Amino acid sequence: MTLTDYVREVSLADFGKPFKHQASWNRRLRTTGGRFFPKDGHLDFNPKILEEHGETVFRQIVRHELCHYHLYFEGLGFRHKDQAFKELLDQVDGLRYAPRLQSHQANYLYICQHCGQAYDRKRPINLAVFACGRCHGRLIEKNQS
């Protein structure tokens with residue numbers, strides 16, 4: 001079964017409405033589970049969500065994107081802040097936020113000497129320039145093991 005067929009199946013089962021466009025995988029998505037494109041109606045999904053969190057969570061993300069999709073084509077509020085979106089998302093048991101991916105690997109750990117706030121970073125920072133955002137204390141680098 002292709003991704004588009006899966007989305008069509010979820011749309012009919014959970015919304016009772018057909019999905020008439022295309023759905024595709026997009027490995028470049030980092031922090032979102034999916035995206036809806038109003039211009040042409042297609043949906044993109046993050047395959048890492050399915051790999052790391054399983055089919056149940058992925059189905060909830062498909063429902064989330066289908067809420068955007070169906071509300072847009074019905075002429076109702078399809079953005080996250082709109083009441084129609086929030087109500088439909090609750091009705092179909094969609095996820096409001098995508099779960100964090102475990103594949104995020106921090107290479108650097110910085111600790112504030114004053115308040116102990118920890119900062120994970122993929123790239124190194126210049127300790128002579130940057131300070132703690134909470135208390136403006138000095139940062140030190142801790143070795144990641």
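Positions of Cβ are set from backbone N, Cα and C atoms, glycine also.
Taken straight from Swiss-Prot:
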type     : residues : note
DOMAIN   : 5-140    : domain 'SprT-like'
BINDING  : H64, H68 : Zn(2+) binding site
ACT_SITE : E65      : active site
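Long-range Cβ proximity for the residue listed as 'active site', meaning a same-chain Cβ under 8 A and a gap of 6 or more residues, is found for G33, G34, R35, F36, L43, F45. Reduced to three states, the DSSP call for H68 (Zn(2+) binding site) is helix.
Using a 10 Å Cβ-Cβ cutoff, H64 (Zn(2+) binding site) registers 25 neighbours.
When other Cβ atoms within 10 Å of the Cβ of H68 (Zn(2+) binding site) are tallied across all protein chains shown, the result is 23. Taken through DSSP, the domain 'SprT-like' (5-140) splits into 49 helix, 20 strand, 67 coil.
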